[in-house]
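Colleague: This is the structure I have questions about; it appears just below.
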Amino acid sequence: MAAITQTAAVMAVLVQVWNLVRVTLVVPLLRLAIFLSLMMTVMILVEKVFVGMVSLTVRIFGLKPEKRYRWEPMRPDLETGHLAYPMVLIQIPMYNEKEVYKLSIGAACSLDWPSDRMIIQVLDDSTDPIVKDLVELECQKWKSKGVKITYEVRDNRQGYKAGALKEGMKYDYVRECDYVAMFDADFQPESDFLLRTIPFLVYNPDIALVQARWKFVNADECMMTRIQEMSLDYHFKIEQEAGSSTFAFFGFNGTAGVWRIKAIDDAGGWKDRTTVEDMDLAVRAGLEGWKFVYVGDVHVKSELPSTFKAYRYQQHRWSCGPANLFKKMAKEIVINENVSMWKKFHLLYSFFFVGKIVAHTVTFIFYCIVIPVSVIVPEVEIPQWGVVYVPTLITFCKAFGTPSSIHLVIFWLLFENVMSLHRIKAAFTGLLDAGRVNEWIVTEKLGDAHKPKNTDNFQDSSNTQPLMNKPKKTQTNIWQRFYFSEIWIGLFMLSCGCFDLATRQQGYFIYLFLQGFAFLFIGFGYVGTYVPGS
């Protein structure tokens, strides 16, 4: 009996302490977090509505790039013949791309452009000797067919992709070229790619970059690739189109684009100070006054990461790099005298702050922390417009990028909230210049390697080594497959959902159960394509 009385007394003290901490600390902090979250949510809504209206206007009035800029088809001259075509360098950087190296090389060599006015440069940083031999043999095969193709290697991987591209620009034959097209190893341009993009650069001397749209060969492979397609379609169809149409500026996507070499030189060339060398170059070129044009009608096929592990690595790089670049270039943007105040405001506020910092922060803090905690703090309430109406509008603004997948919007929302955990960690890693800020892990491409196929036509499969140099791990397979940060957050959200259902019954439990199970589902590895040993 005494033990029960003592336990009750201890519990009473704990309740009093919790009530004191809740009133004096938790409630004020939570109210501040709600205020900041609502403010950031409105900022995102305004931004989404603006770019959406711009994109809609472009579509309604048919304001295609060919109408905004001079564009004429390329034709051989009667006197000079093929010399009327400018010299184009095509760079294909790759690293242990055994499954897909033939795709980009074959597509580049098949481009409809005079063979004597095009140089293909394969920049191979592979560390797997078997892969290097295969890539070199592929280059020799096309060279024997009369294609001007060079196979270039380095004795180190300094600077990763940026280092390879920078090194590639140093060769003497590059001086002959006016423009450079870039394709990652899994990208397959259509044969008319140069014919449709180069004229923008030839007839508009103030244009530095022509960016094409990505299309995905494996979008229907699994739910995760469908969700990625929705996000990237919005990025290209809405964000890139709006940036091109209003400010003649957007972030270079690192591939499926053509640059004016003079613009690269004016901007200071490739730099490896962040993991987003493409965005770094674009911002510097934009500050020099160069214009960019996005051509959404030109599609380049590519592959989406279909394993969750590969997707996490990719999203870390895509979230950490921009935040780190923002930190390093903010002052440079402010003091720049080559562009208008309006463009500088767009760069600092819309492009970087809202797009690369606020979006990641509010998604995780508000939807995965503030809302669940508010359930167990009765003194705090979130206005309905902030927790229902505004988020719904933002969600549908983004979902309209892929109308055919609108029925997947709930799954897309839950998945994006889970990924916000990794994006906010990566963004603050970049802002603080800490930890994994310079981590560069090449996004693993599976090609058809994980699908049943006839192996008679595929040699060397038994001798193939891992595509990426990964440290050996001592964990068992179960530890490698589970993602414990997702599991813990999932359990936290389910607990808050149970509390709401049992006590306050505000209706949050519906969202908390769905989001909690989404975290657990992903945390236990049931998302994407599972490849044993990956």
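Even glycines carry a Cβ here, placed using N, Cα and C.
Note that TrEMBL annotation is computational and uncurated.
Feature table excerpt (TrEMBL):
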- 32-61: transmembrane segment (TRANSMEM)
- 179-370: domain 'Glycosyltransferase 2-like' (DOMAIN)
- 347-373: transmembrane segment (TRANSMEM)
- 393-415: transmembrane segment (TRANSMEM)
- 482-502: transmembrane segment (TRANSMEM)
- 508-531: transmembrane segment (TRANSMEM)
Colleague: Averaged over the domain 'Glycosyltransferase 2-like' (179-370), what pLDDT does the predicted model reach?
Modeller: 96
Colleague: Short question: which residues 6 or more past the ends of the transmembrane segment (393-415) have a Cβ under 8 Å from it?
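Modeller: Distant contacts of the transmembrane segment (393-415): 41, 44-45, 48-49, 52, 223-224, 226-227, 229-231, 233-238, 514-515, 518, 522, 527.
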Colleague: The transmembrane segment (508-531): which same-chain residues, six or more beyond its ends, come within Cβ distance under 8 Å?
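Modeller: Long-range Cβ neighbours of the transmembrane segment (508-531): 221-225, 305-308, 311, 367-368, 371-372, 374-375, 410, 414-415, 417-418, 446, 450, 481-487, 489-494, 496-498, 500-501.
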Colleague: With a Cβ cut-off under 8 Å, give me the same-chain residues at least six positions beyond the ends of the transmembrane segment (482-502) that come close to it.
Modeller: 308, 368, 372-373, 375-376, 418, 421, 508-509, 511-513, 515-520, 522-525
